[in-house]
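Trainee: Pasting a structure below so you can have a look.
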Amino acid sequence: MKDRYDLRIEAKEDEAYPMKNDSDNRNGDVALPIAQNYTKPKEKSLLARRLYILSWIGSYEREKGMSDLIAGITLGMTIIPQSIAYAALAGLSSEYGLYSAFMGSIIYVFFGTIPQVSIGPTSLMALLTLQYCSDKPVQIVIVLAFMAGLVELLMGVFRLGFIVNFIPSPVTKAFTSGTALIVALVQMKTLFGVKVKGIPTPAEFWNNIKVPDAIVGVTCLVVLLLLRQLSSVNFKKKNETTRRLKKLLWYISISRNALVVFVLSFIAYMWIKKSSIEAIPFSLSSKVTSGLPQFKLPPFSFESGNRTYGFFDICSELGSGLIVVPIVAVLANVAIAKAFVKDSQLDASQEMLTLGLCNLAGSFFSAMPTCGAFTRSAVSQASGVKTPMAGIYTGIIVFSALSILTPYFQYIPKSSLSAVLIAAVIFMVDFSPFLNLWKNNKKDFFSWTGCLVVCLVAGVEVGLLYGIVLNMIFVLLRLGNPKVDVNLKQCDSVTYVHIKPMSDVYFSGADAIRTEIRSACILYRYDFPVVLDCSRFMLFDATFIEMLNAVAKEINEQKQIFVLQSLSEKHKPLFPAANSNIIFAMDPLTVDDFMTAEKKANGNGSLMA
């Protein structure tokens, strides 16, 4: 029986295969008539690619529905306390975080491509919102969400997903770690009940610690870290009881944020009910507006205090945030999507479009800027999510919280929310690249270290810009100085100097190639023919032609032959016939190429070693 993996094709008697012709095809490539039997897979329609739910809803099954239900409920228990905490980090009341979580979860169901991605408030967006909207009316936050969504939507429509490829992995890792550290440091004041404006000195911090807040905050943080470990508990015996117990511990671990916040809120509620709110020794969250968000246009013009804000006034207040916030959101969202995508098939432009729609829709419901969250996406993955439909169940839970629980959010201790934030982001800090990159890649080491330091000192958006600009400089340096391999080689009895670029060469690297050729000729005293591999010449233009003609002239003065190997056929006519020492050859070289060159040069020099 013939091996199923044998890819050799046997010609049938009635099939006429074209004969190999060395003069036309140096590598022996032959067009096979059976190729017409293979066609490209049919692409999805534009509607199915953009309204992505159409590509999977037809095959939706009960088993997937149950998995999504479990994942959606689990995610809902995670996203509610996180949304409240992230809203507090942004300087907003709790309902704005929940508005964002509700709209992000619903919109992503219809347009999102990665089931694990959870759109909603994040530490990164909260931090940027705080930076650009601190001490400003809340209406500016809503307009920021609208403008960020508009920019993200346009990036998706114009298919600019390739932009994220210019942000290297070390910069992304440093940016994530820097953001996590900033969030943790910012929350330390609230965790310990310190009420000092600005950055306190160690002495000021210590003298202003509020003991009840510190006890609640530190206790919550310890409990959250301990509950996190429950998911990794293993039992020696493997039976039905231990499997159920492990599943129960896993659910407790996943729901730890909600459990801690609920228990402390219940304690505060009962305390106030038995005595009074003044008797509570620790700080509580502010009152939350009860009810669901109203659908209305973002406030492009409003009055606050004694000032009237127009649209251009708002844009002036936001400044660079109009560009920084959407770009950072896209970067974070695509990075998360890449971490969970299957088969490495990610439509980055569709993710941009979806994120834009989430923020645009959210702005009509008074939401803050949103993007994907890695911790929540990891929860979805661990919960066994199958499709984006899980977002419907998450949205229903958030909707229920907005309609029923908002009067009780005021009983949540502030320090417990800080503990939730710190416990969520502290595991995103990764210092492992420090030693690895120092040993393996100095360029990436300086990108990672510099980006991290700048993030901590000057802010996350400046740190990201530093990382991008630094790596653009590295790219420009590489384009201007391509790596070139120079060797003496032999083809039968002919010895020649072989010059081969090891990376793609653009016009900016043409002069560097000329320098390498000149150095090689001087080194080998013009004793041998010079063969230049042109296979990696990109965007061949007048700069290349001028360089090659100049090199050919220099070599011709030394009565040597200049061979251009693997140059495209369409570029050969660009060289004047007067350059009699320029020879074109393919890969691999043969001794006939050199014999032809010798005849063409009319005996200028001896090519034989």
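Cβ atoms here come from the backbone N, Cα and C positions, even for glycine.
What TrEMBL shows for this protein is this:
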type     : residues : note
DOMAIN   : 67-449   : domain 'SLC26A/SulP transporter'
TRANSMEM : 69-89    : transmembrane segment
TRANSMEM : 96-118   : transmembrane segment
TRANSMEM : 138-162  : transmembrane segment
TRANSMEM : 209-227  : transmembrane segment
TRANSMEM : 248-272  : transmembrane segment
TRANSMEM : 318-341  : transmembrane segment
TRANSMEM : 353-375  : transmembrane segment
TRANSMEM : 390-409  : transmembrane segment
TRANSMEM : 416-435  : transmembrane segment
TRANSMEM : 447-477  : transmembrane segment
Trainee: Near the transmembrane segment (209-227), which same-chain residues lie under 8 Å Cβ to Cβ, leaving out any that are not at least 6 residues past its ends?
Mentor: 190-195, 252-253, 256-257, 259-260, 264, 281-283, 413-416, 418-420, 422-423
Trainee: So which residues does the transmembrane segment (69-89) touch in its own chain, when a touch means Cβ under 8 Å and the partner is 6 or more beyond its ends?
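Mentor: For the transmembrane segment (69-89), the nonlocal Cβ contacts are 95-98, 100-101, 105, 118, 120-123, 125-127, 130, 183, 186-187, 190, 251, 254-255, 257-258, 260-261, 285, 368, 373, 375-376, 379-380, 383-386, 389-394, 396-398, 401, 409, 412, 414, 417-418, 420-421, 424.
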Trainee: So what's the mean pLDDT when you look at the domain 'SLC26A/SulP transporter' (67-449)?
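Mentor: Taking every residue of the domain 'SLC26A/SulP transporter' (67-449) together, the mean pLDDT is 88.
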